[in-house]
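Chemist: What follows is a structure written as structure tokens; I'll ask about it next.
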Amino acid sequence: MKTFKGVASAKDMRVAIVGACFNGPIADALVSGAQQTFLDLGGAEDMLTVVRVPGSFEIPCTLKKLLTSGVKYDAIVACGVLIKGETTHYDHIADQVSARISELSLEFNLPITFSVITAPCIDSAWQRAGIKGSNLGISGMKTALEMADLFKKL
């Protein structure tokens with residue numbers, strides 16, 4: 001029996017981060033966490049592309065643009081922050097962004113991690129951005145690198 005498992009190493013990996021700017025300081029914490037993790041795990045700055053988009057809704061179309069650009073990425077990390085408000089806007093955006101990221105990952109057979117915070121309130125969002133707890137940008141980058149390594153082994 002063969003068992004395959006990826007290792008979270010950025011050495012020789014070409015990775016992109018697509019990060020939304022909306023909900024600025026929280027979104028910035030996710031992108032910064034992902035960037036620093038890439039470097040801490042042996043990645044070279046010239047192998048990391050960071051693209052900032054206005055909001056989370058713009059993440060999927062930007063992912064598709066990167067995926068069809070001719071540059072071969074090993075993985076992509078999608079970072080954004082959606083905080084529930086009083087209308088249904090949050091539900092529509094969260095559902096569509098999540099579904100499209102998953103579809104693109106399957107269509108292009110590439111690890112694209114979902115580091116988009118979907119939180120009921122700003123305090124919960126901060127908890128997922130590393131200020132009061134874990135950082136989804138960090139865990140998203142680690143998962144992306146582990147999956148990229150696994151895909152190379154399969």
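Glycine residues also receive a Cβ, built from the backbone N, Cα and C atoms like all the rest.
Annotated 5-amino-6-(D-ribitylamino)uracil binding site per Swiss-Prot: Phe22, Ser56, Phe57, Glu58, Val81, Leu82, Ile83, Phe114, in sequence order. The (2S)-2-hydroxy-3-oxobutyl phosphate binding site feature in Swiss-Prot is assigned to Glu86, Thr87, Arg128. Annotated active site, proton donor per Swiss-Prot: His89, in sequence order, evidence recorded as sequence analysis.
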Chemist: Please report the distance from the Cα of Glu58 (5-amino-6-(D-ribitylamino)uracil binding site) to the Cα of Arg128 ((2S)-2-hydroxy-3-oxobutyl phosphate binding site), rounded to the nearest angstrom.
Modeler: 21
Chemist: Within 10 Å of the Cβ of the residue listed as 'active site, proton donor', how many other Cβ atoms are there?
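Modeler: By my count, 12.
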Chemist: I'd like the number of other C-beta atoms within 10 A of the C-beta of Val81 (5-amino-6-(D-ribitylamino)uracil binding site), please.
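Modeler: Excluding its own Cβ, Val81 (5-amino-6-(D-ribitylamino)uracil binding site) sees 29 Cβ atoms within 10 Å.
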Chemist: Counting only residues 6+ apart in the same chain, whose Cβ is under 8 Å from the Cβ of Phe22 (5-amino-6-(D-ribitylamino)uracil binding site)?
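Modeler: The list for Phe22 (5-amino-6-(D-ribitylamino)uracil binding site) reads Pro54, Gly55, Ser56, Gly80, Val81, given in order along the sequence.
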Chemist: Taking DSSP as the reference, which of helix, strand or coil describes Glu58 (5-amino-6-(D-ribitylamino)uracil binding site)?
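Modeler: Glu58 (5-amino-6-(D-ribitylamino)uracil binding site) sits in a helix per DSSP.
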Chemist: In sequence order, which residues at least six apart in the same chain have a CB under 8 Å from the CB of Phe57 (5-amino-6-(D-ribitylamino)uracil binding site)?
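Modeler: Listed in sequence order: Ile93, Gln96, Val97.
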Chemist: For Ile83 (5-amino-6-(D-ribitylamino)uracil binding site), what is the tally of other C-beta atoms lying within 10 angstroms of its C-beta?
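Modeler: The answer is 17 other Cβ atoms.
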Chemist: Of all the Cα pairs drawn from Phe22, Ser56, Phe57, Glu58, Val81, Leu82, Ile83, Phe114, the residues the record ties to 5-amino-6-(D-ribitylamino)uracil, which distance is largest, in Å?
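Modeler: Largest Cα to Cα distance for the 5-amino-6-(D-ribitylamino)uracil-binding set is 16 Å.
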Chemist: Can you tell me how spread out the (2S)-2-hydroxy-3-oxobutyl phosphate site is, meaning the largest CA to CA distance among Glu86, Thr87, Arg128, in Å?
Modeler: 22
Chemist: Going by DSSP, is His89 (active site, proton donor) sitting in a helix, a strand, or coil?
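Modeler: Assignment for His89 (active site, proton donor) reads helix.
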Chemist: In this structure, which of the binding-site residues Thr87, Arg128 has the fewest other Cβ atoms within 10 Å of its Cβ?
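Modeler: Among the binding-site residues Thr87, Arg128, the lowest count of other Cβ atoms within 10 Å belongs to Thr87.
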Chemist: If we count other C-beta atoms within 10 Å, could you say which of the binding-site residues Glu58, Glu86 has the fewest?
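Modeler: So among Glu58, Glu86, the binding-site residues given, the one with the fewest Cβ atoms within 10 Å is Glu86.
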